[in-house]
Amino acid sequence: STMRERKTTDPLPSADPLHSSTDLSEGKEKLRLKQEVGLISSVSLIAGTMIGSGIFMSPEWVLHHMGNPASSLLIWAACGLLAMFGALSYAELGTIIKESGGEYIYILRIFGSFPAFLFAYTSVILVRPASLAAVCLSFAEYAIAPFYPGCSSPQVAVKCAAAACILVLTIINCLNVRLATSVMNIFTAAKLLALLMIVVGGLVLLANGQTQSFQNGFQGTTAGIGAVGVAFYQGLWSYDGWNNLNYVTEELKKPEVTLPRALMIAIPLVTCLYLLVNVSYLAAMTPSELLSSGAVAVTWGDKVLGSWAWLISLSVALSTFGSSNGTFFSGGRVCYIAAREGHMPGILSMAHVRCLTPSPALLFTSAMSLIMIISGSFTSIVNFFSFMAWLFYGMTISGLLYLKIKKPELPRSYKVPIIIPIIVLMAAVYLVLAPIIDQPQIEILYIILFIFSGIIFYFPLVHFKYHPRFLQRVTLHLQLLLEVAPTTRDES
């Protein structure tokens, strides 16, 4: 029988991806009515997602690429400003296209099906798993560091701990949605405690006159465009999450007001906190000590807290575990919405029949993250993640400029000055091209080839809607094995 006949006659939960997309669309329409996320929750969502592993891992790499403390602090401030500009541009997009899904839905509505598919394909297979792998590697660095005092942790031990972290997160998120959200809320307190501890300690050190790291602060600044671009990658990784509120636009109370206000509160707050933390690191350590530290916050704790240094390791490990849980928890959103539009396999849009969790999407993300942990390091994963992310950020921002110039009549409750998205687009072009021009790496060519390899799947499976019979059988077997079914409309 044809797929269309299967949809109407098959009594089992259908494996047809178009069917599951339709069901999902209906469920999503109902979800849109539940606008329960207010201003405080929105600020917490942005700040809680942004404050993760980056501020505990990236400072040494920003300093390494910039060459001195003062220019590295300028990079951190510039990253915060760029995140703010990007978020304000997204705020206008969110008030024009009031749908959840972030970049995916904006690219789909402005540029059409093909580029949106390439984004979803790259995001689900590479970007989301890369983000999770990098956060879990930073968790592992801090969890393992106390067992190897005075020396770097073995990479085998770090990667095993990161893999264990991913497996634990997979179990938590597959078992129970409420358990996953509880873990996320509890660990948010740990990350704030860790950062405040570092900030207060740094202020005490500065008050006692420990300012030697800031003398001749600009001496030896790196001038290469590639090095500055990679330093931006490492800094912007710590700010990643500024766009997360756009993934839940449909669930915001008064999105036209809440979206821009939450961004204007959360991002400057995080920027100030990051600058103070970096100042604290440099007050406690010389630049050379900071560069030789595998876990910056742990080294800071050893110098400032003495016998209580274990508190920093514990707080940072808890913080990064909570962030990785948040990344894992939200990772399926693009997958679901892409399935709603017919751009993802039906199996990835299904939920466990008893636990009501998106276990196939979670298991897939887990498997891809484990592969990245085995094959990469924290800094390499962040660099390639940032390259892909800013490629699509640039495309999304160019879509906003198109709407501002060609469709000024579209209703929008919030307007950002056109110069701001122009600056963000120029920065995105720089961040994508600078490392390629200055220090071309074969891995970047592989990433570009991977993005365009989506063409192989798009035309037969999406454009021409060709679905081989064996894929339907595979999906049905996976449904039985994983005990999952397409999301259905609530009949009550």
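A Cβ is built for glycine as well, from the same backbone N, Cα and C atoms used for every other residue.
Since this is a predicted model, take the numbers as computed values, not measurements.
Annotation source TrEMBL lists region 'Disordered' at 1-25.
Using a Cβ-Cβ cut-off under 8 Å and counting only residues 6 or more beyond its ends in the same chain, the transmembrane segment (37-58) has close neighbours at 83, 134-135, 138-139, 141-142, 184, 188, 191-192, 194-195, 234-235, 237-242, 244-245, 248, 251-253, 258-259, 261-263, 265-267, 269-270, 273-274, 277, 295-297, 316, 319-320, 323-324, 326-327, 330, 378, 382. Per TrEMBL, transmembrane segment is recorded for 37-58 (among others).
Beyond the transmembrane segment (70-91), the same-chain residues lying 6 or more positions past its ends with a Cβ under 8 Å from any Cβ of the stretch are 50, 59, 62-63, 102, 214, 217-218, 221-222, 228, 231-232, 235-236, 238-239, 242-243, 246, 259-260, 263-264, 267-268, 270-271, 274-275, 278-279, 393, 396-397, 400, 414, 416, 420-421, 423-424, 427. TrEMBL lists 70-91 (among others) with the feature transmembrane segment.
Residues 93, 97, 243, 246, 334-335, 337-338, 341, 343-344, 348, 364-365, 388, 392-393, 395-396, 399-400, 402-403, 450-452, 454, 457-458, 462-463 of the same chain lie 6 or more positions beyond the ends of the transmembrane segment (103-124) yet place their CB under 8 Å from a CB of it. Look at TrEMBL and you will find 103-124 (among others) tagged as transmembrane segment.
Here the transmembrane segment (160-180) has Cβ contacts under 8 Å with residues 132-133, 136-137, 139-140, 143-144, 321, 324-325, 328-329, 352, 355-357, 359, 362-363, 366, 369-370, 373-374 of the same chain, all six or more residues outside its ends. Sequence annotations record features per position, and here TrEMBL assigns transmembrane segment to 160-180 (among others).
Feature annotation from TrEMBL assigns transmembrane segment to 186-207 (among others).
Summarising the annotation, TrEMBL assigns transmembrane segment to 262-284 (among others). If you look at the transmembrane segment (262-284), the same-chain residues 6 or more away from its ends with a CB under 8 A from one of its CBs are 39, 42-43, 45-47, 50-51, 55, 59, 69, 72-73, 76-77, 80-81, 83-84, 87-88, 90-91, 195, 198-199, 201-203, 205-206, 210-211, 213-214, 238-239, 242, 245, 290, 296-297, 300, 303-304.
Look at TrEMBL and you will find 304-323 (among others) tagged as transmembrane segment.
Taken from TrEMBL, the feature transmembrane segment covers 360-378 (among others). Beyond the transmembrane segment (360-378), the same-chain residues lying 6 or more positions past its ends with a Cβ under 8 Å from any Cβ of the stretch are 57, 124-126, 128-130, 132-134, 136-138, 141, 155, 159, 162-163, 166-167, 169-170, 173-174, 328, 331-332, 335-336, 347-350, 384, 478, 482, 484.
Here TrEMBL flags 384-403 (among others) as transmembrane segment.
The transmembrane segment annotation in TrEMBL covers 415-437 (among others).
Residues 113-114, 117-118, 121-122, 125-126, 342-343, 380, 384, 387-388, 391, 435-436 of the same chain lie 6+ residues outside the transmembrane segment (443-464) yet bring a C-beta within less than 8 angstroms of a C-beta in it. Taken from TrEMBL, the feature transmembrane segment applies to 443-464 (among others).
Taking every recorded stretch in 186-207, 304-323, 415-437 and counting its Cβ pairs under 8 Å to the transmembrane segment (384-403), the highest total belongs to 415-437. Listed as Cβ neighbours of the transmembrane segment (186-207) (distance under 8 Å, sequence separation of 6 or more from its ends, same chain) are residues 44, 48, 51-52, 55-56, 273, 276-277, 279-281, 283-284, 297, 300, 304-305, 311-312, 315-316, 318-323, 325.
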